[in-house]
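Before any comments, here is the structure.
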Amino acid sequence: MWIRYIFVLILSVQLLLVNVWPHVAHASTEEPEIQADSGVLMDMKTGQVLWSKNPEKHHYPASITKILTAILALENSKLDEPVRTSQLATEQEGNRVYLVEGEEEPMKEMLYGLLLNSGNDAAVAIAEHVAGTEENFANMMNEKARDIGATHSHFVTPNGLHDPDHYTTAQDMALIARYAMQNETFRQIVSTKYYPWKGKQWQSELVNLNKILWTYDGANGIKTGFTDQAHQTIVASAKRGDQEFLVCLMYGLTQQSIRDDASKLLDYGFNNFTTRTIAKKGESVTRITYKDDVDTDVLIGNDVTYTFRKDESAPVERVLHIQKPVPPFSHGTVLGTIEFEQAGKVIASAPLVAAKDVPKLHSAWLYVLPAFPLFLFGWIWYRLRLRTFRSKRIQNQNYYQKSFRSTSNEANSGS
């Protein structure tokens, strides 16, 4: 009897080890495999892409488009501005906050309706408020995307409802999302799980459609999407301590599978990478010296952070590229760059700047020129004196010669 219990216990432990231990090892060391067609894992602080699958493949973004819509609204309006709803806005399909024509809501409320409930009507109302028309707003979207560095995208609608000419990539959306997360208001909205909505026609509690906020430890954003053409899309982020990662996935199979993919990539980030500051702004790296004891320290112009694999051990070396400009120049003047190399590869760089003002150097001629008139006067006086002396000497010589001749003549006459 006891032998049977012991056997069952041993078997249970073996099954536990077989089923659990390999999963832990996979999470910490192996490259993740995902079901979505495209994906990117990015460090939020440095912007480094740490893992990718088809990062520049074109896909329809669906409602993650609203990330870009929101950041344009935040940068081009105030939160308390009233946003008026047009008939066009009320005609939008899909997710809505049930705005009615003529309804006015503060921009802040519209943004919560946009990002939590994915309101397509709110997206159009915001676009028309900011730019006058959807077309004008689309131009703003494309210009902003290019400014951010998302150069493989083209946006047509503010809500992501399908248009064949409305497309992006996983990497572009990761760049846009990282940019948006630098805005504290945006960050606060997308991390909110519940928000009361008190519209003219519809009063309810908005529930964030991004279920990662409930299922992943440290999750703090940001947006999901779906259309028949786009399939499932998601941008998800999470922060634990000082480490923060962002994931963008395109063309997922199901809501559950794309959430699983996102969790898997975030796990891969937290388990395998660490972000460190490798140089501090204001750190002195060398000094440049001019004559007359004029010099300045050369400082690193900004903090430099880099995301390393936890199993990396190669040291980081510094390479200075310094120019020595002709003074004068002011503090903060760029004097060159510093590059950080690991295993022969440049992993980061930063500007080098002057620590203080450097005045114009004084030439030796500045000291000589004031004395030149005196020198010239002295030289002329010397030449005149020399000429006078020579003239007198010649006169004396002539006098002595005359005297000598006179004496000689008198002597000859006497003889």
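Note that Cβ sites are derived from N, Cα and C of the backbone, with glycine treated the same way.
According to DSSP, S118 (active site) is assigned to coil rather than to any helix or strand. S118 (active site): 27 other CB atoms within 10 A of its CB, across all protein chains. The active site annotation in TrEMBL covers S118.
As annotated by TrEMBL, substrate binding site applies to K223. Cβ environment of K223 (substrate binding site): S63, I64, K66, I67, L115, S118, A177, V190, N210, I234, V235 lie under 8 Å away, each six or more residues apart in the same chain.
The feature domain 'Peptidase S11 D-Ala-D-Ala carboxypeptidase A C-terminal' is assigned by TrEMBL to 273-360. Confidence across the domain 'Peptidase S11 D-Ala-D-Ala carboxypeptidase A C-terminal' (273-360), taken as the mean pLDDT and rounded to a whole number, stands at 92.
Under the heading transmembrane segment, TrEMBL lists 364-384.
For the domain 'Peptidase S11 D-Ala-D-Ala carboxypeptidase A C-terminal' (273-360), residue counts in helix, strand and coil come to 0 helix, 53 strand, 35 coil, using DSSP.
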